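A.B. asks: Pasting in a structure now, in structure tokens, and then I'll have a few things to ask.
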Amino acid sequence: MADPAAESIDASSSRFGRVVCYNQTAMHGSNTISAAAPFFMTQLSVANLTYRILYYFLKPLCLPPFVAQILCGLLFSPTVLGNNEVVLKLIFPYKYTMLLETFANLALVYNVFLLGLGLDLRMIKIKDIKPVIIAIVGLLAALLAGAGLYYLPSNGEADKILAGCMYWSIAFGCTNFPDLARILADLKLLRTDMGHTAMCAAVVTDLCTWILFIFGMAIFSKSGVRNEMLPYSLASTIAFVLLCYFVIQPGVAWIFNNTVEGGQVGDTHVWYTLAGVIICSLITEVCGVHSITGAFLFGLSIPHDHIIRKMIEEKLHDFLSGMLMPLFYIICGLRADIGYMNRTVSVGMMAVVTSASVMVKILSTMFCSIFLRIPLRDGLAIGALMNTKGTMALVILNAGRDTKALDVIMYTHLTLAFLVMSMVVQPLLAIAYKPKKKLIFYKNRTIQKHKGESELCVLTCVHVLPNVSGITNLLQLSNPTKKSPLNVFAIHLVELTGRTTASLLIMNDEAKPKANFADRVRAESDQIAEMFTALEVNNDGVMVQTITAVSPYATMDEDICLLAEDKQACFILLPYHKNMTSDGRLNEGNAVHAEINQNVMSHAPCSVGILVDRGMTTVRFESFMFQGETTKKEIAMLFLGGRDDREALAYAWRMVGQEMVQLTVVRFVPSQEALVSAGEAADEYEKDKHVDEESIYEFNFKTMNDPSVTYVEKVVKNGQETITAILELEDNNSYDLYIVGRGYQVETPVTSGLTDWNSTPDLGIIGDTLISSNFTMQASVLVVQQYSSANRQTAENNNQEPVQGKAKTDHEATPFMEDEDDEVEHQYSMRR
């Protein structure tokens, strides 16, 4: 038998017989379920799926995303699913949590970088000292209360009490600005004085929290005890802050300005920027503070107005928030143990600490409101908003847990407290803060009541750039003069997405939009502003103020109506949700835009018009903009009777007086036979007949010597004869624009038999007929609805505060965020 000692050993094999030089990777292993990479992919999928499901079910409850984030983590805590055998073996085994934590921390670094990147302090200008006082007093009260509450659940380790108290107190006092802004946007409070004060106070609180957190990390070492290298750590941290401000910020700006050609930023710039995040994070880690500090400071160092900011946000935001950040929430949940805490801390003690956590900022803010002469209900609302927590609170807690300054009990207790605080903020605000709706009394809510030689205030809305040309040409046709000018408020409606903060930003030379729009949206906003400005420049009778309204589609109609009320508009002009294609037909359109139009028409504080643009953007109309073209513009007004038709007649009448406008008013009169067979429709017609006769008589009397006006009456028996008469009009004349009344849910003898065929409620019977495929004409159609208080929801009569006085309509208006602050009486606008 051969001597075992004499046996040769293969150098390519380990002592366990594994072939070292041919060791298979995790992706190609024979048992893939035990490899790290497949486990990580499983964890990533489970984390994302869980977060999305929780967020989907919590969103209707008006809870912020932070609640879903915490619940996502707690779901996999040891108390819930963390100790489940299947979860431990197949999803979150202990030996593969290191890779999970690595990617979670990397996601956190880049997420904090995006927070710094999106924090533009110029966005909110603090005019007075009120928000600063509220922020400082609230933060100090939270720090003191946090220090006291720290000793109630558990005393912690004796040598780490100071460090634990610091982390606990800072996390207790922080406020999350992005979630606070989202809550204000959902409740339509962004433009109120209370909302402005709360956002300013949140910004101050965030900055103070960052300063305290940075210095706290420098004071205590990684083991949770006093840092013996404190002087060097503080000096190096301060030096890095100064380096970012005086070297990195101007250096990055210089590099971008000298390497970016033609406004095009290449991927190389983005990759170098992302590498800079890692480098700065490493530097602050070496300095003795958390790595996220460097990422945050580097984000602040990127030039605010440079296109690189938007590119990085577009590339990172959705991927981080939707893919990688749920891993961080899972890590937070795995560190919490509710069952262990329940065995150590009584339920009563937990209730005391949680209740105190909620009340401390509310009480301190209400105390400040007494001395600052702010209504107590506003102080209650601001105090509730200051309790808004977010990712920063979890970051502070995890930093304390990493250093062992916070034990499992402390960590779990404060995590649950944050969950409760975030859950009660929005419901408490919605219940306790019910600001009275501003009801401005003004007479000219309709064009019919508008005096000819006074200013006509029109609120126009556009969704996309193609909507603009038709609307501007219609405004030009509206005969604006110095004696009867048009004051136009043009709104570009932009959907509020996950990475934008809702606000109304006035776009002029002094205040360009600073919200982080995508490049396409911002460029489109600039082009829209330029086109409306051109309308103003080329006509002395037009004043234009262009606004970008960023809000969710679900509440966009409320923004339009509130702004119309604020500006005392007497006419809202909306684009039809379908656009004309190259072959002259209307496309399928946008169903969401159609819903917005219908909601505006139901709740508008003034008259509304919907423009179906089918040719007003052509050359023949565009040449009219510069007053060098004298081609006649043929306009037809179809009068069937009713308040909407009288309003349409008033708008068409306003166009009279221009050399190039030829107006034809066609009144459809029911025959005696039609009145007999119409039944109830005839009764309704007779009620309005006297008022219709007066309007027609006044129009004919004042335009009888005007050769540009033609009045025609046609006697018809039913709706079918009305359609036939309209077809004959189109055969004998080529009209550029039809103006009709909506006449919604009103059947007259001249429209009998057409109601069942009305497929477009927002256009009415005649408007729907004019744009149908049965008509070969390509004329545009303006459908007008007259304001009627009876048509508005009766709920608007409740909880209203009458406000006398005229709203600001100056052309040189200031941003809404800088409106005058009335210390005597705070008046707010809010959707019910």
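Cβ atoms are placed via backbone N, Cα and C, with glycine included.
According to Swiss-Prot, the protein has these features:
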{"type": "COMPBIAS", "residues": "792-802", "note": "compositional bias 'Polar residues'"}
{"type": "REGION", "residues": "792-832", "note": "region 'Disordered'"}
{"type": "TRANSMEM", "residues": "33-55", "note": "transmembrane segment"}
{"type": "TRANSMEM", "residues": "61-81", "note": "transmembrane segment"}
{"type": "TRANSMEM", "residues": "99-119", "note": "transmembrane segment"}
{"type": "TRANSMEM", "residues": "132-152", "note": "transmembrane segment"}
{"type": "TRANSMEM", "residues": "161-181", "note": "transmembrane segment"}
{"type": "TRANSMEM", "residues": "200-220", "note": "transmembrane segment"}
{"type": "TRANSMEM", "residues": "236-256", "note": "transmembrane segment"}
{"type": "TRANSMEM", "residues": "278-298", "note": "transmembrane segment"}
{"type": "TRANSMEM", "residues": "319-339", "note": "transmembrane segment"}
{"type": "TRANSMEM", "residues": "352-372", "note": "transmembrane segment"}
{"type": "TRANSMEM", "residues": "379-399", "note": "transmembrane segment"}
{"type": "TRANSMEM", "residues": "413-433", "note": "transmembrane segment"}
A.B. asks: Looking at the stretches 132-152, 200-220, 319-339, 413-433, which one shares the most CB pairs under 8 Å with the transmembrane segment (236-256)?
C.D. replies: 200-220
A.B. asks: Are the transmembrane segment (61-81) and the transmembrane segment (99-119) close, by which I mean at least 3 Cβ pairs under 8 Å that are 6+ residues apart in sequence?
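C.D. replies: Stretch pair does not touch.
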A.B. asks: Under 8 angstroms for C-beta pairs, at least 3 of them, ignoring pairs fewer than 6 apart in sequence. Is the transmembrane segment (132-152) in contact with the transmembrane segment (99-119) by that rule?
C.D. replies: no
A.B. asks: Tell me whether the transmembrane segment (33-55) sits in contact with the transmembrane segment (352-372), defined here as at least 3 Cβ pairs under 8 Å among residues 6 or more apart in sequence.
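C.D. replies: Answer no: the transmembrane segment (33-55) and the transmembrane segment (352-372) share fewer than 3 Cβ pairs below 8 Å.
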A.B. asks: Honestly, do the transmembrane segment (352-372) and the transmembrane segment (379-399) touch, with at least three Cβ pairs under 8 Å and pairs 6 or more apart in sequence?
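C.D. replies: Contact between the transmembrane segment (379-399) and the transmembrane segment (352-372): present, because at least 3 Cβ pairs are under 8 Å.
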A.B. asks: Could you pull out which residues elsewhere in the chain have a CB under 8 Å from any CB of the transmembrane segment (278-298), counting only those six or more residues past its ends?
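C.D. replies: For the transmembrane segment (278-298), the list is 105, 108-110, 112-113, 115-116, 210, 213-214, 217-218, 221, 227, 229, 232-233, 236-237, 240-241, 244, 248, 395, 399.
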A.B. asks: Taking the transmembrane segment (99-119) as the reference, which of 161-181, 200-220, 319-339, 379-399, 413-433 gives the largest number of Cβ pairs under 8 angstroms?
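C.D. replies: The stretch I would name here is 319-339.
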A.B. asks: Taking the transmembrane segment (161-181) as reference, which of 319-339, 379-399, 413-433 has the most Cβ pairs under 8 angstroms?
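C.D. replies: It is 379-399, which has the most Cβ pairs under 8 Å.
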A.B. asks: I need to check the long-range neighbours of the transmembrane segment (413-433): which residues 6 or more away from its ends have a CB within less than 8 Å of a CB in the stretch?
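C.D. replies: Counting only partners 6 or more residues beyond its ends, the transmembrane segment (413-433) has Cβ contacts under 8 Å with 62-64, 66-67, 70-71, 74, 153, 168, 171-172, 179, 183, 186-187, 189, 194, 332, 336, 338, 341, 345, 350, 353-354, 357-358, 377-378, 380-381, 384-385, 387-389, 393-394, 397, 406.
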A.B. asks: Cβ under 8 Å, sequence separation of at least 6 from the ends of the transmembrane segment (319-339): give me the contacting residues as numbers and ranges.
C.D. replies: 43-44, 47-48, 50-51, 69-70, 72-80, 82, 92, 97, 100-101, 103-108, 110-111, 114, 391, 394, 397-398, 401, 408, 411-412, 415-416, 498
